[in-house]
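Read the structure below first, then the notes.
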Amino acid sequence: MQVLPPSSTGGPSRLFIMRPVATTLLMVAILLAGIIGYRALPVSALPEVDYPTIQVVTLYPGASPDVMTSAVTAPLERQFGQMSGLKQMSSQSSGGASVITLQFQLTLPLDVAEQEVQAAINAATNLLPSDLPNPPVYSKVNPADPPIMTLAVTSTAMPMTQVEDMVETRVAQKISQISGVGLVTLSGGQRPAVRVKLNAQAIAALGLTSETVRTAITGANVNSAKGSLDGPSRAVTLSANDQMQSAEEYRQLIIAYQNGAPIRLGDVATVEQGAENSWLGAWANKEQAIVMNVQRQPGANIISTADSIRQMLPQLTESLPKSVKVTVLSDRTTNIRASVDDTQFELMMAIALVVMIIYLFLRNIPATIIPGVAVPLSLIGTFAVMVFLDFSINNLTLMALTIATGFVVDDAIVVIENISRYIEKGEKPLAAALKGAGEIGFTIISLTFSLIAVLIPLLFMGDIVGRLFREFAITLAVAILISAVVSLTLTPMMCARMLSQESLRKQNRFSRASEKMFDRIIAAYGRGLAKVLNHPWLTLSVALSTLLLSVLLWVFIPKGFFPVQDNGIIQGTLQAPQSSSFANMAQRQRQVADVILQDPAVQSLTSFVGVDGTNPSLNSARLQINLKPLDERDDRVQKVIARLQTAVDKVPGVDLFLQPTQDLTIDTQVSRTQYQFTLQATSLDALSTWVPQLMEKLQQLPQLSDVSSDWQDKGLVAYVNVDRDSASRLGISMADVDNALYNAFGQRLISTIYTQANQYRVVLEHNTENTPGLAALDTIRLTSSDGGVVPLSSIAKIEQRFAPLSINHLDQFPVTTISFNVPDNYSLGDAVQAIMDTEKTLNLPVDITTQFQGSTLAFQSALGSTVWLIVAAVVAMYIVLGILYESFIHPITILSTLPTAGVGALLALMIAGSELDVIAIIGIILLIGIVKKNAIMMIDFALAAEREQGMSPRDAIYQACLLRFRPILMTTLAALLGALPLMLSTGVGAELRRPLGIGMVGGLIVSQVLTLFTTPVIYLLFDRLALWTKSRFARHEEEA
């Protein structure tokens, strides 16, 4: 038996080539594991990002923003500020509501953060108002994971209070029990209650006050322990009729006696079943509704969760009265399914294009089948690893697999092409497989590890962006690694069994024509390369020019954060004059809804009015506009927004701010627009001075649009200026005054009704239907120390003033948020720079600090780390290549190809009108790993020719370029066609995928043309440099 030379022994591939059955079964195992993994993987829009954010909501009906700030928000903030791991704390104190948002470091587990928050709330309990209806409630908030579904419950016959009760006790609980559902929240504020509306004149005529009534009600409705009787033979539990359940029972309550006759509550008040808060409301289209937002559990399959909800809806509807209707207003899975389907189609298209290009070059069906098996096997096998890593099928992981299509086929192409070359020379298929695989094994390892090295810096990206792209980078790395394994095992084994001289020599008309064409191309390339090698300095100047051009393009290209997606949902904020009441705002909201629902692209509309912890004031409303599916409307979301804003501008007295809802949401608070900028000061007075000046400047900038701020300091206040001396003489305290006002105008929750299913409140207020506005204050009566009734007007004057509608804090200091959008002809980078320049012209005092927030802050962070990220990728690849080649020089030759890729990518983005955003930057980093393959294949063969055949460096690199021209062209076109479907994507989520494809296609085209000529020249330059260095060292040693 002939003994094969070392390169012919097959290296690590020999065992697999010689044992085809074992190799086949191993690959089948990988295939089956991948298929099982694919079926087990959850589906989502983006990778799971557990963003440790907790929101603490405290409701105190009737309290002014100032009282909420000092009595509720400030004590809680002081306790929260002592927690470790807290990254940022923001708060919003408005009329009756305090919302504190706690954002923790990404490294802090959410359960630990919850424990710290609960401990801080417990520590602050004694500092909070004693009459707070409910303690602060905290909930986990993940801004990166919005609700998966929004449902509306309406009725044509039942009052909304009964609908709310039914939804809360039956519908919401059933949906919460579905596997995968994490939280169901209700909006609409129509919780049932008994409302007691006092007739101020009636109680005054009887010598009573509202405090007398409140005391009577709270004493008459209790629910406390009563004990039990334990006798010699039996035990008896004690119970009593201490609870009043209905409005009728409260009407009959005796609150006082006068001249021996009972005075019942119904004599001095209107008692009725109503809503706990009459200043809250939600609408679905034009109908008042109870709206349910459903959020999934972390890691749950969003598709199966939504399907389970839809399957349960018919059963839930049957259990409800016929007049009650449950409607799905929005379902995120509709767009997620479409986006994932489009990405999967692009993945299949990429595979088909890659196989087509392989056949075009190899012109042989058996040779085409081999990579046609290797590519899907590598991709499917990746799913098995993804399951163990708790990944999901999402847009980014599918993008990684689509890009991997062009990567993984490279290894198979290089192996097949090398083995085919030996078969064409007359080698037997088995010997050719052993020799070709052994010869190319080191190249495959070099290609694989140098490409994976490029992805390593992505794993160390900070903040939420790094968490997001971790799955992308690891998925791509796993696919590349499996591809290398397949290419060194299955591919040479199949070559040994499927390829032969006859099959390779068998040619049809297409084969002969394409062969002649490739021969002519290679001959032309050889002539061109010879000329280039004869003029190395001209070629070097071209290479240096690309480096300079790439730097210039990097500086001047518009920069952004993430592409704006069209997910079919628009989030809106409606703003009215600061003195607007709930009724006035509800009317304006209905006018705007009528206009919006007339747009042909709008499918449904949800709107909310009232202070509920999300809405900061009565003069604002929230809207969620659900658009028709993309294939059922003519325009993308940005055009629809522009059209809606133009239409709503005709409605007097309102301003509408719209922004498309995104899969990636970093902002922890509801904002009017996409981007935010904050001014923070030590006092509200400083903000009142500088906010208007900055707003005036910013509204004039062409780089910004829809500029607004949450600074609202013109809210109407009726200031009760009490003459303390007069009040003291009458024995009336300030607590008496506050209680009287709270009883009358605060929708005061004074008692609780307990049932087997739920708890309901008793609400006390004055009936102000006949005395609207400030005149209602004239009806307030207080009790003096001698039992007499004293009008409030006799001891106090009412002054009209202005005050903030809400008070916002950032890390315990007053703050104002300025919101803005970016016009189509500008980038976020332009807007950020314009704001910073404007800030410098104002010369703000030292006690005012500014900071970007949300997406804008993340953009600044990502932009600042981008250059270092690319440098880290280059350094990582240099280290890996240096180790593999045991050389300091050859890695530099390989890395010299990178500027050409940068020029191509940046030029393509500018021509396509795309910004240099995070997605495009990922594409450029991937290009770093792709384009160096050309140089690796050239240099490997050149070094082998010098070492084994004794060729000169010039002849060696010239021969290497000609021999590797076809696989270089094949691998580059394969990578290009793998990215082409992303570049041409037009479906749902295309905005996220397209920049990656554009950058990669542009970079590959330019680098392919230039590196075929610049790499050989640089190789020879460094070879001469190495010889010169060695001679200098040798001379020094001789002299020594």
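Start at 1 and count along the chain as shown; that gives each residue its number.
Glycine residues also receive a Cβ, built from the backbone N, Cα and C atoms like all the rest.
For 16-36 (among others), the entry in Swiss-Prot reads transmembrane segment, with the evidence type sequence analysis. Long-range contacts of the transmembrane segment (16-36) within the same chain, counting only residues at least 6 positions beyond its ends with a Cβ under 8 Å from a Cβ of the stretch, are 10, 377, 379-384, 430, 433-434, 437, 482, 486, 488-490, 492-493, 496-497.
The transmembrane segment annotation in Swiss-Prot covers 347-367 (among others).
Taken from Swiss-Prot, the feature transmembrane segment covers 369-389 (among others).
Annotation comment: Swiss-Prot describes 396-416 (among others) as transmembrane segment, evidence class sequence analysis.
Among the features that Swiss-Prot reports, transmembrane segment is placed at 440-460 (among others), with the record citing sequence analysis. Same-chain residues lying 6+ beyond the ends of the transmembrane segment (440-460) with a Cβ under 8 Å from its Cβ atoms: 11-13, 407, 410-411, 414-415, 418, 466, 469-470, 472-474, 476-477, 480-481, 483-484, 487-488, 869, 872-873, 876-877, 879-881, 884-885, 894, 922, 925-926, 928-930, 932-933, 936-937, 940.
What Swiss-Prot records for 472-492 (among others) is transmembrane segment, and it gives sequence analysis as the kind of evidence.
With a threshold of 8 Å between CB atoms, the same-chain residues lying at least 6 positions outside the transmembrane segment (537-557) that come near it are 896, 899-900, 902-903, 906-907, 909-910, 915-916, 1010, 1013-1014, 1017-1018, 1021. Among the features that Swiss-Prot reports, transmembrane segment is placed at 537-557 (among others), with the record citing sequence analysis.
According to Swiss-Prot, the transmembrane segment annotation covers 863-883 (among others).
Among the features that Swiss-Prot reports, transmembrane segment is placed at 888-908 (among others), with the record citing sequence analysis. Outside the transmembrane segment (888-908) by six or more residues, the chain places 450, 543, 546-547, 549-550, 553-554, 557, 874, 877-878, 881-882, 916, 920, 923-924, 927-928, 930-932, 934-936, 939, 943, 998-1007, 1010-1011, 1014-1015, 1018-1019, 1022-1023, 1025-1026 with a CB less than 8 A from a CB of the stretch.
As annotated by Swiss-Prot, transmembrane segment applies to 911-931 (among others).
Summarising the annotation, Swiss-Prot assigns transmembrane segment to 968-988 (among others).
Residues or ranges marked as transmembrane segment by Swiss-Prot on the basis of sequence analysis: 998-1018 (among others).
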Examine the transmembrane segment (968-988) against the transmembrane segment (347-367) and state whether at least 3 Cβ pairs sit under 8 A, considering only residue pairs 6 or more apart. yes
Sort out the residues at least 6 away from either end of the transmembrane segment (911-931), same chain, that have Cβ-Cβ distances under 8 Å to it, and list them. 403, 406-407, 450-451, 453-455, 457-458, 465, 469, 472, 476, 554, 557-563, 827-829, 862, 866, 869-870, 873-874, 877, 897-898, 900-902, 905, 972, 975, 979, 992-1000, 1002-1004, 1007, 1011
List, by number or range, the same-chain residues at least 6 past the transmembrane segment (369-389) whose CB is under 8 A from its CB atoms? 27, 30-31, 33-38, 40-41, 347, 351, 354-355, 358, 397, 401, 404-405, 408-409, 411-413, 416, 471, 474-475, 478-479, 482-483, 486-487, 490-491, 494-495, 498
Long-range environment of the transmembrane segment (472-492) - Cβ separation under 8 angstroms, sequence gap at least 6: 10, 12-13, 16-17, 23-24, 26-27, 30, 47, 370-371, 373-375, 377-379, 381-382, 385-386, 389, 391, 396-397, 399-401, 403-404, 407-412, 414-416, 419, 433-434, 436-437, 441, 444-445, 447-448, 451-452, 455, 458-459, 922, 926
